[in-house]
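What Swiss-Prot lists as active site, nucleophile is Asp67. Swiss-Prot lists Tyr125 with the feature substrate binding site.
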Amino acid sequence: MATTKGFDCNKESKIKRIALSIQYQGSNFSGWQRQKVGHTIQAILEDAIFSLDSSKPAKVVAAGRTDAGVHAAGQVVHFDSFGPIPVHRWPSALNGRLPEAIRVRDSVEQSLDWHACHSAVYRRYRYIIYNGCTPNLFLNPWTWHKYQYQLDEELMEEAAKGLIGMHDFSAFQRSGSNRTHAFTTIQEVKLVRHGDLLVFDIQASGFLYGMVRLLVGQLVSIGEHRLSINDFETRWKLKLRSEVKEAAPARGLCFIRAGYKESIFRENIVFDSFPGFLLLTNDPPERII
C-alpha cells in the first residue's frame with residue numbers, strides 16, 4: 001500500500017481546499033508565477049505539494065503575484081488536496097521539502113468557493129528605504145540604500161496621501177500586464193522614519209504590475225527635491241507613463257499580508273517572525289541601528 005510519510009495514499013478522501021500562510025526571501029527567485037524558464041515560488045511549492053499528494057497535479061493560487069526579488073511575510077495561497085494528509089500537518093510536511101528561503105507558517109481548511117485571490121478585500125505591501133550615509137551589510141537584502149540626499153519624508157508622505165481612493169493608475173503600470181484596466185482603490189498609505197530607515201506601507205484592493213516599485217521611485221525623487229508634488233500629480237492623473245522612469249529595487253519590497261472578510265489564520269502569525277524589527281511589525285522601534 002502506498003504511503004507518504006505515514007499517510008495512507010490509497011485512503012479515499014474528500015476534496016479539501018487548503019489555505020496556507022507562507023513567507024519567502026525572494027532574492028534568488030524569479031518571482032511568484034510559474035514560468036517556462038526560471039526558479040519561481042509557485043513552481044517550487046506546486047512540486048512539493050505534488051510530491052506529497054500525487055493524485056492530481058497541484059495548482060496553487062496566490063493572493064498577490066510578486067515580482068522577481070520581492071519578499072513575502074504573509075502571502076496567502078490555496079490549493080485543492082485530494083489526499084489523506086490532515087490539514088494541520090501540511091506546514092511540517094511541506095517545510096521538509098521546501099528550500100529554506102520558503103517557509104509555510106500555517107494551514108487551514110476553507111470552503112471550496114473560497115479563493116486566495118478573489119476573496120481578498122485588500123493586499124498590503126511595505127517598502128523599506130535605508131537612508132543612512134554608510135552601507136549596512138545586514139540591511140542590504142531587505143532595503144534600498146538611498147543616500148545622495150537626506151530624504152524629506154514629510155513631502156513624500158504628503159504626495160502619497162493624494163493617491164488614496166479609486167483612480168486610474170496607468171502611470172504606475174509596467175508593460176506586460178494582462179489587465180484590461182488600470183483602476184484600483186488605494187485604502188491607506190503611511191510613511192514613517194525610524195532613524196535611518198523610511199518605512200512605507202501601502203494598502204489597496206489590488207495592485208498593478210510593478211506599481212509599488214514605480215511609485216516608490218517617484219516618491220524618492222520627491223524626497224530628494226528633484227520632483228515637485230504638483231509635477232508628480234500631473235504625471236499620474238494624466239497617465240503620463242513615459243514620465244515615470246525609475247523603479248525602486250525589488251529587494252526593498254515585501255508583501256506583508258492579504259485581508260479577508262473573516263480572519264483565517266492565527267492572530268499575529270505574520271508579525272512574530274524575523275526580521276520583525278525591520279519588515280513585519282506595525283511599529284518598529286525608534287532606534288534600530
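Just so you know, glycine gets a Cβ as well, placed from its N, Cα and C.
Neighbour count (other Cβ atoms within 10 Å of the Cβ, all protein chains): 25 for Tyr125 (substrate binding site).
Between Asp67 (active site, nucleophile) and Tyr125 (substrate binding site), the C-alpha separation comes to 13 Å. DSSP assigns Asp67 (active site, nucleophile) to coil in the three-state reduction, outside any helix or strand.
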